[in-house]
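Inspection log for the structure reproduced underneath, given as structure tokens.
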């Protein structure tokens, strides 16, 4: 009955976040390179008549890129989305969306003027009803087609530069699986040649902002297809976990009784089919993933290569990572040392912050530990645990932002790997989002985390930490200044007393033995450094 009701809601609600807008996946839009659909509210492109936005040329970043991708003009994702469109809607104020028909994250209301902050909660603190509703929402998203978005099944050149569109329908959940694949796929160079050292969502500064947008869009999709505007993604706090606590039939699916690589038949996820997992096959065919079914979800948690990932991450790993003051460093890729981003992503040791791609820590450790569909980058979002995992990774990013309070300029403006500079648009999102736009506290984007709200002491500690770290660095100077100040004070006090005795010609009987309380309260002591 619940699924029937949710299906009915889909008919009356129109989701609108994703990849290629259906209204722009046609010959006219591709040849004109313009995606400025009319807003339903007034029928004008981008809602221009209602001052919601207007159709504008896309302004691309001209900042230099890093050396990791030595090509130009060979990949549709370069200077996203200019290969497909060079004019899109530019929305005003708090409006957002490919037609400016939505509100920015963190705003709601008819004119998008009402601020809102929703709370993401620990999955184990949901009531049974809330947990079952979450699982039903996931299953609904897996089985209902996206109304507003389609995926590309060919490159722009394979589409004859737009004259032969190659798109297909896809379910709401699989739309996000496909987007994760598309952002991280290899570059097809022709023949049997590919370039693997490229990823628009990983191994570089954009890793955390990209997945932040991904989750916000996914969250909004669920809100819209279900009509549940209060829905938020739950998270799995995996710190110090001894095993996969969500891998049971009550939550994300237990182990199959006869095949440890599959899910229990009692789980709704055992019937799910994965897509976009055969990267070598796509590469050999110089083709894109077409989102056809490729078998069931595979998962065998804990039976992974222990030499690469010996254990799940600990609280100590997370705390060390949070202590790192640099967001990015060096080459700004998986070889970066002392980089918060690279350490949290898992390419640097969580105890030293020295790059070691042969090991997998923190974020990467969870993917490897699952030992299945989630362990391959391009198809990892097929496993619904992906959402719980990345929500918690995002919460660690949030803790770092609150603790260190970085300026926007901390996010690299230039020389990052392709697609990861501050002003680059994120692949493959339409509407367009820049990396730097999501390098800010989550509350400004309309959400918070339950465990970051609850212990007020923790929030206070996160607030004080940057100041304590600065004080620790200048502590020797403070001690020296205090000692010097003490010596100066002692000398001056001695001189003052000597002068007072010299001036005091009267007998000791007329000198006050105690300072009157009124005079005492007017005396102050200062230390000047």
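In case you wondered, yes, glycine gets a Cβ from its N, Cα and C as well.
Residue ranges 260-286, 287-313, 314-340, 341-367 are listed, and TrEMBL annotates 287-313 among them as region 'Disordered'. Record note: among 451-473, 474-496, 474-496 is the stretch given as transmembrane segment by TrEMBL. Confidence annotation: the domain 'Tyrosinase copper-binding' (202-219) carries a mean pLDDT of 98 in the model.
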